[in-house]
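Single-structure report; data block below.
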Amino acid sequence: MSRRVVRQSKFRHVFGQAAKADQSYEDIRVSKVTWDSSFCAVNPKFLAIIVEAGGGGAFIVLPLAKTGRVDKNYPLVTGHTAPVLDIDWCPHNDNVIASASDDTTVMVWQIPDYTPMRNITEPIITLEGHSKRVGILCWHPTARNVLLSAGDNVIIIWNVGTGEVLLSLDDMHPDVIHSVCWNSNGSLLATTCKDKTLRIIDPRKGQVVANNFEEPVALQEMDTSNGVLLPFYDPDSSIVYLCGKGDSSIRYFEITDEPPFVHYLNTFSSKEPQRGMGFMPKRGLEVNKCEIARFYKLHERKCEPIIMTVPRKSDLFQDDLYPDTPGPEPALEADEWLAGQDAEPVLISLRDGYIPPKHRELRVTKRNILDVRPPSGPRRSQSASDAPLSQQHTLETLLEEIKALREQVQAQEQRITALENMLCELVDGTD
């Protein structure tokens with residue numbers, strides 16, 4: 001009698017769990033535009049979601065802690081003249097986000113740490129170079145201010161610190177590009193195209209560098225759904241998560257070096273289909289709860305966090321679950337990368353949890369429009385963004401004082417109303 005040998009894996013019992021209702025983000029009008037992006041981007045500070053907006057495209061940016069019902073008048077990030085198709089947070093600055101639109105432009109925005117009083121309408125830079133809609137954005141993982149944008153069959157790589165086009169790949173894809181991603185050090189690109197071909201590209205040489213793609217090393221049967229799969233890969237755990245758009249499940253697999261290479265782990269299922277999905281970087285997870293991944297699932301009118309956990313009895317830091325992971329510090333400047341240098345990501349330890357730096361000195365070789373702290377007031381004109389640091393601090397202090405005064409006035413109004421009601425009750429009782 002043969003005994004079945006179960007493959008040993010510390011991730012064999014990973015399970016998913018939706019956050020409690022009060023930890024969701026309610027009453028958000030998620031975009032209904034027909035496009036195969038995730039519609040959601042998240043980092044350790046903010047959650048950004050592409051939303052419905054009249055007269056152009058918009059997305060909403062919420063502090064992670066601002067859960068519950070979102071006010072219908074909550075300020076949006078607006079500026080595109082057509083629907084926003086993709087958004088992506090800068091991996092080296094948690095206050096910087098890029099947006100791509102059907103209006104053929106890419107805009108880069110700086111998000112303040114406080115809640116703005118009105119819509120953010122002025123990007124810090126607009127990148128114009130595409131002739132058709134731009135549907136894909138992807139920041140370079142190790143080089144500062146290097147951003148990739150793709151529209152139809154053209155890929156442009158920008159230095160957003162200067163607004164310059166570093167590289168343009170316009171003859172490598174015969175049809176619409178479906179997805180693009182960098183490898184871990186940003187030396188190569190992987191792209192998929194409508195011609196059903198996967199390409200590995202060296203963007204600085206402008207060449208396809210991988211061959212022998214006739215046969216896959218592994219083939220995994222999924223289901224009969226025709227929805228688009230959104231893949232999310234965690235290199236620290238070698239787990240790939242597949243989220244089907246329009247589906248209600250998240251399937252996850254462990255990737256290993258030995259055959260059969262792809263090992264099915266489990267499926268997280270829920271009742272409602274997902275319209276998009278955000279994936280939290282590793283430095284934004286709660287390591288004291290053995291959380292190895294967190295998704296932000298978009299419903300029709302809300303966003304729901306989904307937490308992936310490895311069950312452990314010990315409350316101590318689990319070294320095997322959390323190897324050193326890429327931090328926010330870039331390893332290269334844009335010019336160094338363009339000149340041919342490569343560098344692995346600068347790693348950080350999560351043993352004591354991730355603490356974002358308050359004042360991070362950036363290494364720059366020339367004036368950089370992103371090398372500033374978040375603006376201290378709504379950007380009404382160019383002069384406001386060019387104000388000296390002391391004036392920005394003063395303006396920020398005044399705005400905080402105004403906010404505190406407004407809250408105090410509202411509290412007094414509520415107290416007066418309550419006293420008036422009590423007085424009316426007393427008068428009615430004596431009549």
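Cβ atoms are placed via backbone N, Cα and C, with glycine included.
The coiled coil annotation in TrEMBL covers 395-422.
Annotation source TrEMBL lists compositional bias 'Polar residues' at 379-392.
Residues or ranges marked as domain 'DUF1899' by TrEMBL: 4-68.
As annotated by TrEMBL, region 'Disordered' applies to 367-392.
According to TrEMBL, the repeat 'WD' annotation covers 77-119 (among others). Within its own chain, the repeat 'WD' (77-119) is flanked in space by residues 31, 33, 35, 37-38, 40-46, 48, 50, 53, 56-61, 63, 66, 125-128, 130-139, 141, 144-145, 147, 149, 151, 158, 160, 281, 326, 328-330, 356, 370, 372, 374-376, 378, 396, 399-400, which lie at least six positions past its ends and keep a Cβ under 8 Å from the stretch.
Positions annotated as repeat 'WD' by TrEMBL: 127-168 (among others). Computed over the repeat 'WD' (127-168), the whole-number mean pLDDT of the model equals 96.
As annotated by TrEMBL, repeat 'WD' applies to 170-211 (among others). Beyond the repeat 'WD' (170-211), the same-chain residues lying 6 or more positions past its ends with a Cβ under 8 Å from any Cβ of the stretch are 36, 136, 138, 140-143, 146, 148, 150-155, 157, 235, 337-338, 340, 342-345.
With DSSP states grouped into helix (H, G, I), strand (E, B) and coil, the domain 'DUF1899' (4-68) comes out at 3 helix, 24 strand, 38 coil.
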